[in-house]
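K.L.:
A single structure is presented below for examination.
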Amino acid sequence: MAPIPPGIRLLVSFDRDQWYRALTFVLTFLLYTSFHLSRKPISIVKSELHKNCSPLSELSTLASSSGSQEPSLPSRQTDMDCSWKPFDKGNYKQLLGAMDYSFLCAYAIGMYLSGIIGERLPIRLYLTVGMLTSGLFTCLFGLGYIYNIHSLGFYITVQVANGLVQTTGWPSVVTCIGNWFGKGRRGLIMGLWNSHTSVGNILGSLIAGYWVSSNWGLSFIVPGLIIAVMGVICFLFLIEHPNDLKSISAQKSSPGKSMVQTKHWNGVNGHTEVYLQYKDNKAKSYDTELLLPRDSVCVPVQPVVVVKNESEPSAISFMGALQIPGVIEFSLCLLFAKLVSYTFLFWLPLYITKAAHLDAKKAGDLSTLFDVGGIVGGIFAGVISDKLGKRATTCAVMLLLAAPTLYGFSMISQFGIGPTIGMLLVCGGLVNGPYSLITTAVSADLGTHKSLKGNAKALSTVTAIIDGTGSVGAALGPLLAGLLSAGGWDRVFYMLMTADFLALLLLLRLVTKELVSTKSHPISAVELKEH
């Protein structure tokens, strides 16, 4: 007999639950990757909506000066022709900032409602509808190029609608991943998983950059189609909770011939329970006949489920979620941390275009290094916080280092590509590390806090409150960047450094509480004992 290949040995070493857990991890990773992939094109296309027309203007001026025409008129006409109306005027930065603000403001407002709604609806259907509609609105933005639409109202309306439907994503995927994974090594698992944000940004930049110079409409249409396809995959394969597999297991483990009919009766609290009906008396054993009458009898497949439903937890209220210790502090900290991260997300390619004098595609490709650093920073933050058992302290140290690094980036980025690449990687790690940790491991910890007494239905609401508050900063950051950049990019970086220091100050109480704690062991060990 031939020996079993090592790869097959590895595959069969995992049980069914581990395979389903891996499926949930990979699927939710890909689902939210598509969300960020569809958000990124606007930052790449900005430099195409308002081009640097000076080279074209000089050529036009030289051509006109050789003739009898006045040089200034052709130059002005060239400026208007090479940019996309209405972003061809001097206030283009404010208009581009308004587009960012409309999306992010709608996202921030909708996020508070999304978590509450998501806990009361099937997550799989809720997430599927959100992804399909998000794909629709992303494609609509790109159709503005194909159908030559120059109305600012059209683009802002599409951005607002897209911001609202994209709020279905984050609470849903965090709830799913929290249902499937326990608290052991949560920082590491969430750090790895949360790299979908940076992976989505990288893929979005590469996809949008491929078409930005030739047909920027496809920079939106292709990501829109991708997130719509992922919505269909979500509908077909997403398993919200391990308990959803129990009915399948019960049916497979039941005797095949003696139980030939399945009935659904109303159990405790109106929950539907599965019963199997005996019809063939010959198939019953002697012991079964002693327990059951001779006529057809319905017996429950899993009586333990009926007992469990007697104490079915209810969804937590908004105010109840705010009373969980640490929710307010981390929410406000994320407001400023996300302000910095999203300012880079929406304005970094344009800044590189102006500072390094690169075209839109090269600037978009270079900006992906910020997200590469973000992947490393998120994983590093998760591992360190697991090891030390101090989430707030880990975030605080990274925020403290991020502020001077941002100043260094603003200085070094003017000295060429080499130093810019290095600083992009470092800035990405320090900026996105705390952002990643708070939105994943911290949210999951607080959503399953010991004060909830095992009520896991708070996870979606807590996640929505934290990320919704952070999204307020995400809305303000790009808007302020659009206003301040008119007076020079130095003002933008001063704003980002100030936001980092404010985020640090908001964590000082929690940091002090962690440092004075007499015990210093991983969070997973503490929480497993408490629950």
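Quick reminder: no glycine exception, Cβ is built from N, Cα and C everywhere.
Whatever TrEMBL says is automated annotation, not expert-curated.
I grabbed these lines from TrEMBL:
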- 60-75: compositional bias 'Low complexity' (COMPBIAS)
- 27-515: domain 'Major facilitator superfamily (MFS) profile' (DOMAIN)
- 60-79: region 'Disordered' (REGION)
- 19-37: transmembrane segment (TRANSMEM)
- 95-117: transmembrane segment (TRANSMEM)
- 123-147: transmembrane segment (TRANSMEM)
- 192-212: transmembrane segment (TRANSMEM)
- 218-239: transmembrane segment (TRANSMEM)
- 327-348: transmembrane segment (TRANSMEM)
- 368-385: transmembrane segment (TRANSMEM)
- 397-417: transmembrane segment (TRANSMEM)
- 423-446: transmembrane segment (TRANSMEM)
- 458-480: transmembrane segment (TRANSMEM)
- 492-511: transmembrane segment (TRANSMEM)
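Looking at the shown structure, what environment does each listed feature sit in?
P.N.:
Within the model, the domain 'Major facilitator superfamily (MFS) profile' (27-515) carries an average pLDDT of 78.
Sequence-distant contacts of the transmembrane segment (19-37) (same chain, at least 6 residues past either end, Cβ-Cβ under 8 Å): 127, 131, 134, 166, 169-170, 173, 176-177, 180-181, 189, 193, 195-197, 199-201, 203-204, 207, 223, 226-227, 230, 233-234, 237-239, 242, 245.
Residues 186-192, 194-195, 197-199, 201-202, 205-206, 341, 344, 348, 391, 394-395, 398, 421, 424-437, 440-441, 523 of the same chain lie 6 or more positions beyond the ends of the transmembrane segment (368-385) yet place their CB under 8 Å from a CB of it.
Within its own chain, the transmembrane segment (397-417) has Cβ neighbours under 8 Å at 337, 340, 351-352, 355-356, 366, 377, 381, 423-424, 426-427, 430-431, 433-434, 489-490, 493, 496-497, 500-501, 503-504, 507, counting only residues six or more beyond its boundaries.
Counting only same-chain residues 6+ beyond the ends of the transmembrane segment (423-446), those with a CB under 8 A from a CB of the stretch are 170, 174, 177-178, 183, 186-187, 190-191, 193-194, 197-198, 324, 326-327, 330, 333-334, 337-338, 340-341, 344, 366-367, 369-374, 376-378, 380-382, 385, 391, 394-395, 398-399, 401-402, 405-406, 408-409, 412-413, 459, 462-463, 466-467, 470, 503, 523, 527.
Within the same chain, residues 97-98, 100-101, 104-105, 107-109, 111-116, 118-119, 167, 170-172, 174-175, 178-179, 315-318, 320-322, 324, 327, 330-332, 334-343, 345-347, 435, 438-439, 442-444, 446-449, 452, 492, 495-496, 499 sit at least 6 positions outside the transmembrane segment (458-480) and bring their C-beta atoms closer than 8 Å to a C-beta of that stretch.
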K.L.:
Taking 95-117, 123-147, 192-212, 218-239, 492-511 as candidates, which has the most Cβ pairs under 8 Å with the transmembrane segment (327-348)?
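P.N.:
Against the transmembrane segment (327-348), the leading stretch is 492-511.
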K.L.:
Can you say which of 95-117, 123-147, 192-212 has the most Cβ pairs under 8 Å with the transmembrane segment (218-239)?
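P.N.:
Going through each listed stretch, the top one turns out to be 123-147.
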K.L.:
Residues of the same chain, at least six outside the transmembrane segment (123-147), with any C-beta under 8 angstroms of its C-beta?
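P.N.:
Contacts of the transmembrane segment (123-147) (Cβ under 8 Å, skipping residues fewer than 6 from its ends): 31, 34-35, 38, 41-42, 84, 117, 154-155, 158-159, 161-162, 165-169, 172-173, 175-176, 215-221, 223-232, 234-235, 238-240.
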K.L.:
Could you pull out which residues elsewhere in the chain have a CB under 8 Å from any CB of the transmembrane segment (192-212), counting only those six or more residues past its ends?
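P.N.:
Residues 25, 28-30, 32-41, 43-45, 47-48, 177, 218-220, 222-223, 345, 349, 360-361, 364-365, 367-368, 371-372, 374-375, 378-379, 382, 428, 432, 436, 439-440 contact the transmembrane segment (192-212) from elsewhere in the chain.
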K.L.:
When you scan the chain for residues with a C-beta under 8 Å from the transmembrane segment (95-117), skipping those not six or more beyond its ends, what do you find?
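P.N.:
Tertiary neighbours of the transmembrane segment (95-117) are 39, 42, 46, 49-50, 86-87, 89, 126, 152, 155-156, 159-168, 170-171, 315, 318, 342, 346, 460-465, 467-469, 471-472, 474-476, 478-479, 481-483.
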